[in-house]
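**Student:** Here it is, the structure in full.
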Amino acid sequence: MGSGAEASVAERRPFPVSWDQFHRDCRALTWRLNAVGPFHAVVAITRGGLVPAAIVARELGLRVIDTICVASYAHDKQGELQVLKGVSEQTAALGGGTGKGLLIVDDLVDTGKTGRMVRDLLPDAHFATVYAKPKGKPLVDTFITEVSQDTWIFFPWDTGLSFQPPLKDGAA
């Protein structure tokens with residue numbers, strides 16, 4: 001995720017999120033978004049935004065879901081951003097070309113680099129994330145849980161069930 005003086009993955013605070021907790025957090029996000037809408041469509045930032053976008057779209061009753069693919073992570077290192085796939089012309093037209101009435105959803109805003117790039121493409125869209133870190137938080141319109149910048153979130157789709165040693169044995 002980071003480079004240089006930033007903490008390595010091993011030095012970060014682990015924050016495991018279960019499927020149940022993630023679903024509850026997405027529903028809480030939707031509850032907040034309900035007061036902000038209405039929205040014409042959901043735009044998921046792939047890949048992390050796919051699952052929360054599906055939950056949010058269901059809860060808001062939205063059927064139009066599009067994706068924007070911005071790549072910044074290679075395993076545990078954060079690199080240069082690239083838009084690998086933009087929103088469709090149909091979705092962009094729903095937002096008048098500026099994103100008005102579109103809801104951008106991602107799992108997390110970290111440094112804000114991805115959010116800035118998407119904001120540049122859809123400046124009038126509403127940007128929502130489930131989790132937010134301090135550096136990226138100013139870019140997000142709506143989020144549920146703030147975590148510290150040195151936190152590494154383990155999302156349920158990135159983890160498997162395995163034995164965890166007790167904390168007294170030096171487990172993180």
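First residue shown is number 1, and so on along the chain.
Glycine residues also receive a Cβ, built from the backbone N, Cα and C atoms like all the rest.
Taken from Swiss-Prot, the feature 5-phospho-alpha-D-ribose 1-diphosphate binding site applies to ARG47, GLY48, ASP106, ASP107, LEU108, VAL109, ASP110, THR111, GLY112, LYS113, THR114. Here Swiss-Prot flags ASP107 as Mg(2+) binding site, drawing on sequence analysis. Residues or ranges marked as guanine binding site by Swiss-Prot: ASP110, ILE153. What Swiss-Prot records for ASP110, ILE153 is xanthine binding site, and it gives sequence analysis as the kind of evidence. Look at Swiss-Prot and you will find ASP110, THR111, GLY112, LYS113, THR114, TRP152, ILE153 tagged as GMP binding site, backed by sequence analysis.
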**Student:** Check the DSSP secondary structure of THR114 (5-phospho-alpha-D-ribose 1-diphosphate binding site), expressed as helix, strand or coil.
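**Tutor:** Going by the DSSP assignment, THR114 (5-phospho-alpha-D-ribose 1-diphosphate binding site) falls within a helical segment, counted as helix.
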**Student:** Within 10 Å of each Cβ, count the other Cβ atoms and name the one among the binding-site residues ARG47, ASP106, ASP110, LYS113, THR114 with the highest count.
**Tutor:** ASP106
**Student:** Check the Cα-Cα distances from THR114 (5-phospho-alpha-D-ribose 1-diphosphate binding site) to the binding-site residues ASP107, TRP152, ILE153 and tell me which is shortest.
**Tutor:** ASP107
**Student:** Measure between the Cα atoms of every pair in ARG47, GLY48, ASP106, ASP107, LEU108, VAL109, ASP110, THR111, GLY112, LYS113, THR114, the residues the record assigns to 5-phospho-alpha-D-ribose 1-diphosphate, and report the largest value in Å, rounded to a whole number.
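**Tutor:** In whole numbers, the farthest two Cα atoms are 17 Å apart.
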**Student:** Output the one of LEU108, THR111 that, of all these binding-site residues, has the highest number of other Cβ atoms within 10 Å of its Cβ.
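**Tutor:** Of the binding-site residues LEU108, THR111, the highest Cβ count within 10 Å belongs to LEU108.
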**Student:** The record lists ASP110, THR111, GLY112, LYS113, THR114, TRP152, ILE153 as binding GMP. What's the largest Cα to Cα distance among them, in Å, rounded to a whole number?
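**Tutor:** Of all Cα pairs among the recorded GMP binders, the widest measures 18 Å.
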